[in-house]
Amino acid sequence: MSAPEHRTAAGTPRTRRRGKGRGERLMVPEAEFTSYYGRPIIKPPVWKVPDVPAYLYLGGLAGVSAPLAALADLTGRPGLRRVGRVAAAGGATLSVGFLVHDLGRPERFLHMLRVLKVTSPLSVGSWILAPFGALSGATAVAEVLGVTPRLARASGLAAGALGPALTTYTAVLVADTAVPAWHEGFRELPFVFAGSAMASGGGAGLLARGDVTPARRVAVAGAVLELAATSVLERRIGFAAKAYRSGRAGAVLTGARVGTVVGALGALASGFVRGRPGRVLGAAAGLLLNAASAATRYGIFEAGMASARDPEYTVRPQRERLEARRAEDHPAGSDR
Amino acid sequence: MAEAHPVGFQWVMEAKKRGATVIHVDPRFTRTSAVADLHVPIRAGTDIAFLGGLIRHVLETGAYFEDYVRAYTNGPMLLRGDFADTEDLDGLFSGFDPETATYDTETWQYEGATAPSAAGDRDLDVHETERGEMPGSGGAPIAADPERDDTMQDPRCVLQVLRRHYSRYTPEKVHEICGIPVATFHRVAEALVRNSGRERTSAFAYAVGWTHHTVGVQYIRAAAVLQALLGNIGRPGGGILALRGHASIQGSTDIPTLFDLLPGYIPMPHAHRDEGLQHFIESNAGTKGFWADLDAYVVSLLKAWFGDAATADNDFCFDHLPRLTGDHSSFRTVMDQADGKVPGYFVVGENPAVGTANARMQRHGLASLEWLVVRDLNMVETATFWKDGPEIETGEMRTEDIGTEIFFLPAAAHTEKDGTFTNTQRLLQWHHKAVEPPGDCRSDLWFYFELGKRIKARVAGSDDPRDRPLQDLTWDYPVDATGEPSADAVLREINGVDADGKALPGYTALRSDGSTSSGCWIYCGVYADEVNQSARRRPGAEQDLIAAEWGWAWPMNRRVLYNRASADPVGRPWSERKRLTYWDGEKWAGPDVPDFPADTPPDYVPPPGAHAAKAIGGAEPFVMQSDGRAWLHAPAGLADGPMPTHYEPEESPVGNALYGQRANPARQRFERADNHYHPEPGTPGAEVYPYVFTTFRVTEHHTAGGMSRWTPHLNELQPEMFLEVSPELAAERGLTHGGWAHVVTARSAVEGRVLVTERAKPLRHGDTVIHQIGVPWHWGPNGLSTGDAANELLGVSLDPNVHIMETKAATCDIRPGRRPRGPELVTCLADRRRQAGLEEEPR
Amino acid sequence: MNSLSGPLADPSADAGYADGHPPRVGFFTDTSVCIGCKACEVACKEWNALPADGVGDHGAAGDVLGLTGMSYDNSGGLGASTYRHVAFVEQRVPARDSAPVDLGMPAMELPGAVQPGVDRDDATEVRWLMSSDVCKHCTHAACLDVCPTGSLIRTEHGTVLVQEDICNGCGYCIPACPYGVIDQRQGDGRAFKCTMCQDRLGAGLAPACATACPTESIQFGPLDELRERADARLAELHDRGVGEARLYGRDPDDGVGGDGAFFLLLDEPEVYGLPPDPVVTTRDLPSMWRHAAGAALAVAGAVAAAFLGGRR
């Protein structure tokens, strides 16, 4: 028998009284929470690590790198263009690779393009990712081989136009589930993802030679956006916020936040340091921002998984909602 | 019932939906309890005290159906003056011989009437354990009319004797013995009384929880007495329903696999007493009722078996029948095997190596055979004990020492062959083959047909007289392209044919002159009009309440036995609401087939010397009884008392709170080194086995698992052997939910996962807290889901009437952790036995 | 675009089936008459040729043939190879017979917490609830909505069906389901769930589980009819004093537009492992897209703005 320790014995569905602090005795206990032997109510996603967190991160990196590269191309910043194009294509390709690898039936990947369903963020995303991948890939090939710069510019612009959508559809992808930590944050997650993507895409740009000012601005703005959006999310989504603060997700996200802050400060500082030290500092900051962005995605992924595994995340908000509705329908004193 | 008979339980739920009150009495809180209106937890093995309490309640409050009792039961009959009750003899009835632990039933008789043990020329000693079989199902024939007092006030009349017998079975006593709170007892009593009488009827359903006791027959008798007092027999919605342990177990007693019966409950002839047909008939047939035509049934049976070879000149080959010489019941045979007295054994669809009480003794029996045939769906433990049985592990047996030659023959399942099931309400239902049996699997019918053909071929030229029965046996069934004999043809042979070879309409057409044949008289009519009546499936919704066109019920497609009792003595329904069979001025009418001579008017009084059906009075509904009445007191036919009496099980933690006599005095015990019994309560060593355990089934598995432990879809639902204990016992013994524990008796120890559940509740017996452990008996070492067999724990002590073993109540200990393994188990058990004083210190 | 939430009279018509399609069918599972025999589980597995997968969240191999200790429930929950699941809940509740004593919610002490030799409070009794769970065949089915391949479809009977030849195992439907029904089968990779025996419906047969159920706890039929039957049964139970009886998933106004498979329960849904107030996630999808579009525009704007001004 491999019963998890929280699972109780026959005949005693788990009830948990939850106070605010641990060990603190409450005069009036909060609403009781009951479950079926502590088993999850919803099924935790079967998505694998690192596949899906990597897919989320890489999509963001590629989605920001492509417009960065396109505009760098237009504004004559070849270094930034080159890095951006490679990052966009590499990110998109790897992202697709992780996505396919995560499928239960990878050989059926093309079924993703069998229909276009606006009700399915993954379908919409596939239809964004597929052309983006093709366009950014072609652009990067041209870049690396140094051929057909005009075509590359055109395809790069097209990829750049698709890029921003690539950075945020993944937020809808995770939010459009019954996973409490994700669904409850559906308003903020696109901004978190957008910020995280900008931090990583901008950060990647900091690796380029030449003028990387736009990348630095994007990276810092992204970091600010991500931190702000995350903060709003955690304040707004109520009980589910606990999933972002506790356990492995909490630890990872804390680390990610530190990385983001330090990375952003580093990026900012690198703008004031001339020459090679400035470039090295910028590159280091860019790498840190990317690591932080990947960690953010993984942390959000883990928060969702944790909230799916613990039935309290599902039951408690629903129970409270139900009781509130009942109270509204039947003001105090009246029976159900 | 919901656990082991979920399909039948649909009708209980249907009744509940229509407002019926469902009461469940069980030591365990089961799925049945979950949907019952009331669960009554009871200490295992004390049901007679509970039922006796209800009988007392009914008698003392005058709640019995007086008109019914007076007219249709033997309540008014006077007993002999020398009858002594358990109240007089501290738990014994008169006639007990402590030397042989048997009763002489002479004093139990009615005043002025005699019963079978005195009748005829039975000069040979009758072993008392055979008494129960002698009268077949009809009860003992009674000669002459007994005296009676229709006011039922005479102190010697059965009703008054009964009242006195149960006078101390008070609610408080019931509480003390059974652990049932007084208030709960009253709830049951009131519900039962409220729902019985003219306008309403109540039914009892039981299964092996009642029968598997050393006093099991008397459990059923107690229910019969109660139901007879309440007028709940022979009336719609009433009765006592025996829920059988397997599909068609009813069929296998009708056409028996029992050593002491021939088809249709005809007694098996005795080697010394029943020397000729005439003599057999005379000593076993009654003069009154349908048993009086025993000669027609026996001769028709012999004609079915021996065909043209059976003639009036040779007693219709009566001498070809095997004869009893004593007790050849299952456990006696196994002990004889273990003692090296039995060379061969057929085990068909059974698995005694794990499925029968004292499994170790069973395996020792198997290991002492010369040959063993096992026919089963799966490679059951009975076929593999020689290589991986528990004794191989403990070192008590070595494969190379076992001389038994074992033939395992794969068998077809019921879905792979045609045939009938006979269910608990005597309903035969035909099942069609759905798929061909896989591989070498063959039906039992094919196997026995082929075996018979081969044996007949071998003895064809013999002139040894002992081969004559085989030579004369008719053995000519049509076969299909696969060689499978026609089950339909067998059913038709069972039904029987007349001299022209036409299917008979029913058993009243059977003759004793050899002009008819029938393989089982009670099944005669199942092929009436040359139609397989058991295959009828007209939906119930298209029929009336009786649904006579669904399958076929023996006898004569009657759905309610003794349904004459649904009308009052003058033939009017007791109530319109409960109308079933009634006299319409010319005949007995109603939707069911009357269980009565159809044109015998209610006021018919049989003339002196009348015979058989003509001897049944118009107001005597219990046509299979020789006095036409339901028996509150059984003047004959039982080996352990005329009235049910509370005795403790062979093993119980407390003494008998009612009598000095602790357990059934006539129970069969076998004091052997391989069959230790625990010390009696209160004697030194009893504390070594302080708890009660009861074996049980769960829905997900079937019996000892021979069918279910190889079925993945069932095993995942109930994957491991477990032990059900209360939180209180878990705390007392340090048992952890989900962890291991083992149950120990003097016989063996079995382990299982601990299921701590509040469904298990300790009971109070005075100052003693009694813990009961639930032990499912589905597991064994083979199959997909394996575990220890509960039958390892049980000793063999039997009911004296039917030789059934006590599996539902015994004592034990329980300890945390896994049981000792290998030789350590043997020494550990011996240590515990020495502690309990059951075994000498080793020299 | 189909409506994403709220009452919807005819999901099949909404999915594009022409007039004259069969009526919407469903299950009404009346747990008050369930005897926990699990015939539904076995009949379902037999008919649908599902493997015995033991227990565990995803049929983990190590869990096969292990006792869960969850009363008599050893299948744990619905899964990719378990389309029917019978829950067993053991509770201590105030005795029906005794004077009302306020014990609050059912007692939840761990077994073993009771002191030996001390009688249990006679004011309580044990209640054993059993309930056969199944896919709810929601009016607004999140699994169907989020499926990117079109493998999940609405059938002509109004049920929700996985087309096994289309599914590529992306797993999106699994966390989308608010009831935790659909799951990925290990070793196969695709998602599976109750089909309501689509292959039987077409032949005019009832699903295997409903056919096998001995006590009519599982009733199959046109949904409208089942709802009427359920209302009548609820009223009957309330009349008999079973005040705790309630319908679950019957209401077309609920968060999923009403379930195609709904229940009569004797306690709160979460006691049986059901969500108390499920909402189809795609109800919020338009808002999600709006927020995502806003965020994407922010990205585009920010990137563009980053190029403003002179180079250094």
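Glycine residues also receive a Cβ, built from the backbone N, Cα and C atoms like all the rest.
TrEMBL: automatically predicted annotations, no manual curation.
Going by TrEMBL, these are the annotated features:
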- C:25-55: domain '4Fe-4S ferredoxin-type' (DOMAIN)
- C:CYS34, C:CYS37, C:CYS40, C:CYS213: [4Fe-4S] cluster 1 binding site (BINDING)
- C:CYS44, C:CYS194, C:CYS197, C:CYS209: [4Fe-4S] cluster 2 binding site (BINDING)
- C:126-157: domain '4Fe-4S ferredoxin-type' (DOMAIN)
- C:CYS135, C:CYS138, C:CYS143, C:CYS177: [4Fe-4S] cluster 3 binding site (BINDING)
- C:CYS147, C:CYS167, C:CYS170, C:CYS173: [4Fe-4S] cluster 4 binding site (BINDING)
- C:158-187: domain '4Fe-4S ferredoxin-type' (DOMAIN)
- C:288-308: transmembrane segment (TRANSMEM)
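Taking the Cβ of C:CYS143 ([4Fe-4S] cluster 3 binding site) as reference, residues of its chain lying under 8 Å away and at least six apart in sequence are, in sequence order, C:LEU152, C:VAL160, C:CYS173, C:ILE174, C:ALA176, C:CYS177, C:VAL181, C:ILE182, C:ALA191, C:LYS193. Cβ neighbour density within 10 Å is lowest for C:CYS197 among the binding-site residues C:CYS44, C:CYS167, C:CYS197, C:CYS209.
Contact with chain A, taken as any Cβ pair under 8 Å, is found for the binding-site residues C:CYS147, C:CYS170, C:CYS177 out of C:CYS135, C:CYS138, C:CYS147, C:CYS170, C:CYS177. Filtering the binding-site residues C:CYS37, C:CYS40, C:CYS173 for a Cβ under 8 angstroms from any Cβ of chain B leaves C:CYS37, in order along the sequence. The domain '4Fe-4S ferredoxin-type' (C:25-55): residue composition by secondary structure is 12 helix, 6 strand, 13 coil, according to DSSP. C:CYS213 ([4Fe-4S] cluster 1 binding site) counts 28 other C-beta atoms within 10 Å of its own C-beta, drawing on all protein chains shown. One way to see the shell of the [4Fe-4S] cluster 2 site is to take the Cβ centroid of C:CYS44, C:CYS194, C:CYS197, C:CYS209; the remaining same-chain residues with a Cβ within 8 Å of it are C:CYS40, C:ALA43, C:TRP47, C:ASN48, C:TYR83, C:ARG84, C:VAL134, C:THR195, C:MET196, C:PRO207, C:ALA208, C:ALA210. The Cβ of C:CYS37 ([4Fe-4S] cluster 1 binding site) has 28 other Cβ atoms within 10 Å, all protein chains considered. Residue counts for the domain '4Fe-4S ferredoxin-type' (C:126-157) under DSSP, helix first, then strand, then coil, are 5 helix, 12 strand, 15 coil. Around the Cβ of C:CYS147 ([4Fe-4S] cluster 4 binding site), the same chain contributes C:TYR172, C:CYS173, each under 8 angstroms and 6 or more positions distant in sequence. Scoring each of the binding-site residues (C:CYS40, C:CYS170) by how many neighbouring Cβ atoms lie within 10 Å, the top position goes to C:CYS170.
Within 10 Å of the C-beta of C:CYS173 ([4Fe-4S] cluster 4 binding site) there are 29 other C-beta atoms, taking all protein chains into account. For C:CYS37 ([4Fe-4S] cluster 1 binding site) paired with C:CYS138 ([4Fe-4S] cluster 3 binding site), the C-alpha to C-alpha distance reads 26 Å. In the three-state DSSP assignment, the secondary structure recorded for C:CYS197 ([4Fe-4S] cluster 2 binding site) is coil. Taking the centroid of the Cβ atoms of C:CYS135, C:CYS138, C:CYS143, C:CYS177 as the [4Fe-4S] cluster 3 site, the other same-chain residues with Cβ within 8 Å of it are C:LYS136, C:HIS137, C:ALA141, C:ALA142, C:LEU144, C:VAL160, C:CYS173, C:ALA176, C:PRO178, C:TYR179, C:VAL181, C:ILE182, C:LYS193.
Same-chain residues that are not part of C:CYS147, C:CYS167, C:CYS170, C:CYS173 yet have a Cβ within 8 Å of the Cβ center of the [4Fe-4S] cluster 4 site turn out to be C:CYS143, C:VAL146, C:PRO148, C:THR149, C:SER151, C:LEU152, C:VAL162, C:ASN168, C:GLY169, C:GLY171, C:TYR172, C:ALA191. A gap of 16 Å separates the Cα atoms of C:CYS44 ([4Fe-4S] cluster 2 binding site) and C:CYS34 ([4Fe-4S] cluster 1 binding site).
Proximity to C:CYS135 ([4Fe-4S] cluster 3 binding site), defined by a C-alpha to C-alpha distance within 10 angstroms, is shown by the following binding-site residues from C:CYS167, C:CYS194, C:CYS213: C:CYS194. Per Cα geometry, C:CYS40 is the residue among the binding-site residues C:CYS34, C:CYS40, C:CYS138, C:CYS167, C:CYS170 nearest to C:CYS209 ([4Fe-4S] cluster 2 binding site). Mean pLDDT for the domain '4Fe-4S ferredoxin-type' (C:158-187) in this predicted model: 96.
Sequence-distant neighbours of C:CYS138 ([4Fe-4S] cluster 3 binding site) (same chain, 6+ apart, CB under 8 A from its CB) are C:VAL160, C:VAL256, C:GLY257, C:GLY258, C:ASP259, C:GLY260, C:VAL280. Look at C:CYS173 ([4Fe-4S] cluster 4 binding site): DSSP puts it in a helix.
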